[in-house]
Amino acid sequence: MNIDTNAFCTFLEAEVLGENAQDNLTITNISVDSRSLLNDEHTLFFALQGKNHNGHIYINELITKGVKYFVVSEDNLPKETSGVVYFKVKNTLAAFQKAANFHRSHFNLPVIGITGSKGKTVVKEWLNFLLNEEFSVIKSPKSYNSQTGVPLSVFGIEEKHNLGIFEVGISTIGEMERLEPIVKPTIGVFTAITEEHSEGFESVEQKIQEKIKLFTNVDKIVCEDDIRITSFLSKDKLYSWSFENREAQVFASLQNDTLIITPNAKPSFEVILPFSDNASVRNILTCITTMLLLNYSTEIIKHRIELLYPVELRLQLKDGLNNCTLIDDAYNADYQSLVIALDFLEKHKINKSKTVILSDVFRSGFEEAELYGLVRSLLLNNNITRLIGIGNHITEYLYGIPNTYLFKTTEEFLQKMSVEDFSEETILIKGARAYRFDKIVTALETKTHETVLEVNLNAIRHNLNFYRSKLESKTKIMVMVKAFGYGNGSFEIAKLLAHENVDYLGVAFADEGIDLRKAGVNTKIIVMNPEISAFSAMIAYDLEPEVYSVRELNAFLKVARERNCYQYPIHIKLDTGMHRHGFLTNELQELVELLKTTNVVEVKSIFSHLSSSDMPEYRDFTLDQINMFTKNADYLMSSLDIQPIRHILNTSGVYNFSAYQMEMVRVGIGLYGVGNDEEEMKQLHNVSTLKTRIMQIKEIEDLESVGYGRRFRAVGKTKIATVPIGYADGVHRSWGNGVGYVLINGQQAPIVGSICMDMLMVDVTAIDCVEEDEVIIFGQDLPVTLIANRIKTIPYEILTSVAQRVKRIFYEE
Ligand SMILES: *Cc1c(COP(=O)(O)O)cnc(C)c1O
């Protein structure tokens, strides 16, 4: 896009710094992410500031990459050499949103604005599918619906588009007012309202009232005829559907897998449903109602609805054969989502080489030659090591790039290349559904059984931000990734945390730290239980030891001297009542004397650990621990004349004693979604889900028994499902024998008889299910806290017990 500098500055109320501003700027890329490989000389970079990040600190680095245009709010900027121009504003996020608004104001196209607490992304993707034959659609990529995601989506509008479909989410009051003018919808769509994500609102009513501010300037609003929503909307704008109210614009009834639709004053017609679960049916009705509003014929509606497909928004990280890592994105290949997937590849790559397996790409409104020109430069800018293109169009346009292999079909690729052609690389597998790239994923992934632990990376990020919100912005944060990231997997989580700029990672043993370094994690790492035999390796890998005794310190000094260390970072652990390890008060003098005489090591931090920060009944004890800690730390600091970082709070410490955050805190369990009371749990998102599938279902007769020791006896005819997970996978044996249950199709199935090593049996007499149905062992609706309470252990033990043989799958939405 071309920007008139003067008009832009007036709109943004920006002051131009630097002699280099021309009257007209050619901007092809709007960026808020300093790490994006697309930042170049035609990028306008907004230096956003949040509680935990500040875009200004990357400006220098971006200038060396060729970026010239920056929207900033701070002083003390790098000099405006080599054509650099700053647009100085008061608040960069507000300016970012205003700039999107400015961009939007140049286009006069109909826009569908979607909000609601559930189903926004599905409805958006489906509407795109249903309407894009008649329209040149610009839509939000993936679920870009936030304060920054919405503007980024809107910047994509171009002359050639004649319909926008954007989703908008808010987390608290006052946000929608800022997003409405950016989207400026002409048609509003309200999906469903639920109690989820209500933390930022006083009530559901308030949440609805805030969300419908998106509809301030629309002509019509599509929604369910739900009194909670419609009571706030003006009658003449309403275009609603209902299962009950015949007065609604669209009346619907459901007969098995068929919807009978009766539009107001028009004949009924039938639509065969591709999915019959409740949420999908409602989303489909929202889509049908929108199509009716747009005057689509019943023929087209019937035909296209039948073709709807499940929307998969997750990008999944999986282990591949030959030490590869796979990013499974085998469900769509529109251009915008390719941009996101390539970004994800760069951030999560565990191997040095980046391979992309890509099908034909789609982008509404673009001629093929132009589109593939963009794809070509996108791939080149992303420094792809190897490209494998599959499809008729991609083979036509993407020849000539080094290390490119082109195939007409997925079958041809599978015949000509095999697992042996891939090793030690991170492979993005991205293709439209029709290309069946799931077959490629199956061919390249490590084979394991049906049981998986799914880890939601967005949830970890959310939880990290929750604890950060409890802290002053200058307080550092250390995240404990010991015990394989509390059972969840260490590299992927450590990578994510490194990108989120946490200050330190904590591991238990040196080996864990070495593995992280080998996977390319550069964040500072403290080893909490350093073993003397590992000191040499620790120094080689830049791992910093916890020092808990004079004996250990002497041993470390010996190795560090041999390796000519100077001021090697160490962390002093004080014992303030936990009585696990650390220096007691009467040992401090000896420590001081030893440290005074050496500059081989440097005390980077002093810390201690609370034994009962989660227990209100021991509040006084905790305060005594903190008190003793500050006294002893003061003593060390004054005797040694040093100013190290001090830290004592763990997760529940942050929650209950945030006044004592000092210079750093150490969070563990909370990040993985476990808080110590209901209030805290409500604000965290579930991170891990342990799931498998039913192997076999059988019916047994009255009084027959199940399992070892015949500990279960049937009462009447009973339907038993066998599930391939046992105590060797980490399901506690005490959770069996009628104590615990699993979830099948949302219902509780009691575990009957003893849990075996690799299997367990459940009673599914009352549950509608078949073999291969999914079985949830723990997750959102069956939290580890509940299991831990019932079997008298703690959530930490449940999480860390999940066996290594259970495959981990990481995903981001
Ligand atoms: C494990 C650990 C933590 C984190 O504790 P959580 O309760 O999981 O937050 C903090 N500090 C030390 C020393 C630890 O060993």
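Positions of Cβ are set from backbone N, Cα and C atoms, glycine also.
Automated prediction, rather than curation, is the source of TrEMBL annotations.
In sequence order, G506, V507, A508, F509, E512, M528, G668 constitute the residues six or more apart from K482 (active site, proton acceptor) in its chain with CB-CB distances below 8 Å. In the three-state DSSP scheme, K482 (active site, proton acceptor) is classed as helix. Marked as active site, proton acceptor by TrEMBL: K482 (among others).
Same-chain residues at least 6 positions away in sequence with a Cβ under 8 Å from that of Y708 (active site, proton acceptor) are, in sequence order, G753, S754, C756. The feature active site, proton acceptor is assigned by TrEMBL to Y708 (among others).
The Cβ of R580 (substrate binding site) lies under 8 Å from the Cβ of H609, each on the same chain and at least six residues away in sequence. Annotation source TrEMBL lists substrate binding site at R580, M757.
Taken from TrEMBL, the feature domain 'Alanine racemase C-terminal' covers 687-811.
Residues annotated as N6-(pyridoxal phosphate)lysine in TrEMBL: K482.
With a 10 A radius on its CB, M757 (substrate binding site) counts 11 other CB atoms from all the protein chains. DSSP assigns Y708 (active site, proton acceptor) to a helix in the three-state reduction.
Across the domain 'Alanine racemase C-terminal' (687-811), mean pLDDT in this model comes to 95.
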